[in-house]
Every structure is written in structure tokens, then in C-alpha cells.
Amino acid sequence: MQGIVARFAGILFNTGAGQHILKNPLVVNSIIDKAALRRTDVVLEVGPGTGNLTVKMLEKVKKVIACEIDPRLVGELQKRVQGTCLANKLEIKVGDILKTDLPFFDACVANLPYQISSPFVFKLLLHRPFFRCAILMFQREFALRLVAKPGSKLYCRLSINTQLLARVDHLMKVGKNNFRPPPKVESSVVRIEPKNPPPPINFQEWDGLVRIAFVRKNKTLSAAFKSSAVEQLLDHNYRIHCSLHNTEIPENFKIAEKIQTVLKDTGYSEKRARSMDIDDFIRGITNALVIQGKVPSCFSFRELRQIATWLQFRRHPFFIDTA
């Protein structure tokens, strides 16, 4: 990625690649304090840069696995710990974190390249085994979207998907001048703690639902589902579902009528995604299943108990993954 190249202390930083090194030791120490690291912890760090955060963590934990895509910065980090007692506690992985299988770790602490924020968050939250927490630096607006509540201007698909899988807390603001070179945007530190056990749903199916609803989050669900592209997708999925389950489709079947009937019967036609929380979406789908008489055959007693606890849903014929 092209970007401004800035030189500090003999090192060229490519801001287009998100290379903004956190230089303020007070902010570094505050991030580590908020992570509540333990002596026995294995910590994952993404984008260690020159190692300001890395070295401080190495003093407190069992091991740091630092993932860096830039070989020049890998060399700087290696030189920084070479010949010290910290060297044996550092493992460096060179490459693109989004194309790499994540190792086992207890906590993730990172000043992320901001352009990978969204894909990395979901890679992290879908990772198994579970980790304890992640303390991550993001662009301020992205951080505020993560914690946004229904009705907020910033509330979006990112908000509800993240909050489905994790508890998210905004910890502190970090100004531009705490970095070298300074970014053009303000930053924030966020704590992400995955829900363990996770909600008993298929995340890809859930995301298929909220993706449709949030394309036009200010419109009613009735309007959102009237899109021709949405109707074609759901008609395709529904027919595959019926074929797999030997269900006959009436000759005069129209997916548009089916969708609007379900929305009307569940009382969701006039609801808008901008003001719906996780439970609202789950209740709507659960009600749709009940209305169509599918709950007794689709859910075991154990699954019904999970729904009662989580207000979650399982598979719905409109949103099955046909890949």
C-alpha cells in the first residue's frame, strides 16, 4: 500500500501501511496495566513495530508471540532484545496475520495497523481455543462503532456482530502526538472479552441476516427485504433448503410474499435495524420459526433451553449457508 514515508531515528515508516509507532511510555504502561497480564501468560502482539510495547510485556509474561509483516522492523525488534534475558521469551512470526493461523495465546495486546481492524477482530473472535481478553488500539471512530448501542448514530453491523460474540469496553483515548509519525486520526484503546461459552448459533448465518438488515439500517425491515437482490438470494436459498428436505414448493410460491408474511406475523415489519439489539433479532427469528410450526422438529429440548437462555436461534431456511 502506498503512503507517506517518514524517517525517525534512521528508520523509514510507511504510514500507508499503518506504521505509526506508539512512543509515549505512559500510554504503553497504561495499556499493559489494563491487560492485567500474568507471569504465566503467552501474549499475541500484532504489528510490534520497533518493540516499545513488546519489551515491556516481555518483562511481565512467559512469552510474547510478535507478528510483523515488515522484515525491516523484524530486524529492529531482534536487535533490541539480542543479548538480553528477554530474547528467549520472544517469538517472531513474519507475515500477514490475516493469512496466518493464530497460535495459542492467553491475551492479545496490540497497536494494530488500522486498515486490518475489522477482519482481525473477527478472526480473533472466531479463534479457538478461547483467549482471556484482547487490549487493542484502534482508530477512534472504529472503536466507538464497536461499543455503540442501538439508536446511536454509529450503531452498525460491526457493533451488533462484535457484541454478539464478546463483551467490548472502551478504555481510553489516545491522541495523535503519542505516535511517531503522528496519524491523521485520533485513537482509542478497547478491551474485548470473548463470550465463553459462545452463543449457540452459526455466525455465518447470523451475519447473513444482519447484513441484509443493516444495508439500509434506517429503513424498516419490510423495506430492507423488498430489495430485488435480497429476494433473489433468499429465493435461491429457500429452494435449496426445500430440495434438501424433500419439501414441496407450491406452484404459485413467491418469496416476496413469504418474507412479508413472516415479517408481518412476527410484528417486525416496521422495526428498523438502527434501533434493534441482539435480542430483538433473535426473538424475531425464533418467532418466525414458531409461526411456521418448525420449532418442534428443528430443536431438541437442550437447544430450546439454550434459546431460552440466550434468546438465540439455530437454522432458518431463509439464511442457510449454501456454499
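Cβ coordinates are placed from backbone N, Cα and C, and glycine is handled just like the others.
Remember, TrEMBL labels are computer predictions, not curated facts.
As written in TrEMBL, here are the features:
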- His20, Leu22, Gly47, Glu68, Asp96, Asn111: S-adenosyl-L-methionine binding site (BINDING)
- 27-196: domain 'Ribosomal RNA adenine methylase transferase N-terminal' (DOMAIN)
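Taking a C-beta cut-off of under 8 Å and a sequence gap of six or more, His20 (S-adenosyl-L-methionine binding site) has these contacts in its own chain: Phe13, Asn111, Phe179, Arg180, Pro181, Pro182, Pro183. The Cβ of Leu22 (S-adenosyl-L-methionine binding site) lies under 8 Å from the Cβ of Val28, Gly49, Asn52, Leu53, Asn111, Met137, Val174, Asn178, Phe179, each on the same chain and at least six residues away in sequence. Once Cβ contacts within 10 Å are tallied over all protein chains shown, the binding-site residues Glu68, Asp96 are led by Glu68. In sequence order, Gly18, Cys67, Glu68, Ile69, Ala110, Asn111, Leu112, Pro113 are the residues near Gly47 (S-adenosyl-L-methionine binding site), counting only same-chain partners six or more apart with C-beta under 8 A.
Mean pLDDT for the domain 'Ribosomal RNA adenine methylase transferase N-terminal' (27-196) in this predicted model: 97. Counting every protein chain shown, the number of other Cβ atoms lying within 10 Å of the Cβ of Asn111 (S-adenosyl-L-methionine binding site) is 27. For the S-adenosyl-L-methionine site listed in the record, the two most distant Cα atoms among His20, Leu22, Gly47, Glu68, Asp96, Asn111 lie 20 Å apart.
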